[in-house]
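*Asks:* Pulled from Swiss-Prot, these are the listed features:
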- CYS141-CYS208: disulfide bond (DISULFID)
- CYS186-CYS237: disulfide bond (DISULFID)
- CYS196-CYS239: disulfide bond (DISULFID)
- ASN121: N-linked glycosylation site (CARBOHYD)
- 1-18: signal peptide (SIGNAL)
Amino acid sequence: MTILFLTMVISYFGCMKAAPMKEANIRGQGGLAYPGVRTHGTLESVNGPKAGSRGLTSLADTFEHVIEELLDEDQKVRPNEENNKDADLYTSRVMLSSQVPLEPPLLFLLEEYKNYLDAANMSMRVRRHSDPARRGELSVCDSISEWVTAADKKTAVDMSGGTVTVLEKVPVSKGQLKQYFYETKCNPMGYTKEGCRGIDKRHWNSQCRTTQSYVRALTMDSKKRIGWRFIRIDTSCVCTLTIKRGR
């Protein structure tokens, strides 16, 4: 009986601890499930004036939980690296919009927020010393990132190695939207166009090289078949090294 009683008590307090999160999810089905959607009313109007601080805590926990789920989901939808050696990374670098996006993709912002949460758990001294700007850190290769349209890309290579035409517009229920791709490549005007930064040129030959990854986009193949396919776009700038012979 004692063990049964203790089990019931633990289960009871476990349910009480989980209740604020569930209530926050129920109240936030119209707005808390995804960032940027506004709900009506205030915490005080729902639970009373004394529940404001407790509600804010549960809201913050819910928001962090949503971010973690989105980041985990991005990991799940990446292609199998064993079957596709060239697909070293899959990210949401494609956006459908009527105009050029003003910010990087959402997952980039979520990863930055996640890094901010990790940094918030550090002490002030650790954060100060971990800041790359304070340590004078520089990238090995200079890169640039920008949104491009299908009009700029024209064609791309799919996962089977075939060349497909990238469609500029995607039909939707209320018209058409343009496909935008967030590409990252080596900066031809940067200081690393002659070689990687910080490499000993006496022993190594270095070169900054743009690498590609797969993203999903609306395309048309050589047989005029339209569909969503994984295509390669520029996603990073890496340093390649070769040892100098005769040394």
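Easy rule for this one: first residue shown is 1, then count along the chain.
Each residue, glycine too, has its Cβ placed from N, Cα and C.
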*Asks:* Rounded to a whole angstrom, what is the C-alpha distance between CYS208 (disulfide bond) and CYS239 (disulfide bond)?
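*Replies:* Their Cα atoms are separated by 5 Å.
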*Asks:* How would DSSP class CYS239 (disulfide bond) in three states?
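*Replies:* DSSP call for CYS239 (disulfide bond): strand.
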